[in-house]
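Shown next, in structure tokens, is the structure this report addresses.
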Amino acid sequence: EREKRDLRGEIERLKEREREKPEKREKGGEEDSEEEEEVEELRRELEKRDLQILKLKNERDRNVRRKNNNSRVLRIEDEQQHQQHQEHQQEQERKRSRSMIRAQMLQQQQQQQQIPQSQPTPLQPQQPQQSQQFSQQGGYNFQQPQQSQQNQFQQSQQLLQQPQQQFGMLSPQQSQQGDEEWKGEVRSNLNSVNSGVENINKKVDQLLRVKSKREGEGDGEEEGEGEGKKVMWGGEEKKEEKKEEKEEKEKVEEKVEEKEEKVEKKEEQDKKEEKEKKEKKKERKEKKEKK
């Protein structure tokens, strides 16, 4: 820009000289033509500088566009990472909900099919309890007469000699039969519980599949009235955005190429004109020298 200003200043000075010296112009036509040629040369230099400035501006615009494209790419990558993180979180939540549903279904199954508590618990002889009751009722009172002590002792012996079934004890055969029956019932109950758990797992998987399908349909569909229905999925939207960006880039690049071609053509024309003018100058100089 400084050089342009200097050249313009020189052009103005030359114009002022032309205005100040009209007589010299009339006398020396050749000198005037030389000054005009100098003015034209200065103008051409100005045009060249303008073209160079245009080229630099185009380069700057290209660099800006590249930076913007890089920032867009980074933004798209960030969005993809964010989407992957969200999908991972959703998967974790689905797993948690699946485990919670399974636990609830298991609890319901266990409540519906309660295992009967028919296990024969080993009953301890109730002698200590009876002895405690006996002692609480008075025990051996040595202050009573001998007959009362004998009666109390006989009562305690009778209590101890009563049959064991009165206190809940079973014979060995009866206890063995009860063990076998209890084991069979427990096995059948466990088999039914396992089958119920498998059914619950299948139901949970079906429910989660249906839920995921519904969520995908809800995210993907967008209905429009009057203009027709438009279904835009997330991946298609991104593809369309990328296509639009590519088209914009191609248009801008085409415009830049057209400008560059014009500049190059102008430069070629200027070079040809300069060569022709130099040749003409040489011819004039040669003519003057001959004269």
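Numbering starts at 1 and runs along the chain as it is shown here.
Using the three backbone atoms N, Cα and C, a Cβ is placed for every residue, glycine included.
Predicted automatically and left uncurated, TrEMBL annotations should be read as such.
Annotated features, as they stand in TrEMBL:
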- 1-30: compositional bias 'Basic and acidic residues' (COMPBIAS)
- 1-291: region 'Disordered' (REGION)
- 31-40: compositional bias 'Acidic residues' (COMPBIAS)
- 41-62: compositional bias 'Basic and acidic residues' (COMPBIAS)
- 74-94: compositional bias 'Basic and acidic residues' (COMPBIAS)
- 107-177: compositional bias 'Low complexity' (COMPBIAS)
- 188-198: compositional bias 'Polar residues' (COMPBIAS)
- 200-217: compositional bias 'Basic and acidic residues' (COMPBIAS)
- 226-277: compositional bias 'Basic and acidic residues' (COMPBIAS)
- 278-291: compositional bias 'Basic residues' (COMPBIAS)
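Break the compositional bias 'Basic and acidic residues' (200-217) down by DSSP state and the numbers are 18 helix, 0 strand, 0 coil. For the compositional bias 'Basic residues' (278-291), DSSP puts the residue distribution at 13 helix, 0 strand, 1 coil. The DSSP breakdown of the compositional bias 'Basic and acidic residues' (74-94) into helical (H, G, I), extended (E, B) and coil residues amounts to 21 helix, 0 strand, 0 coil.
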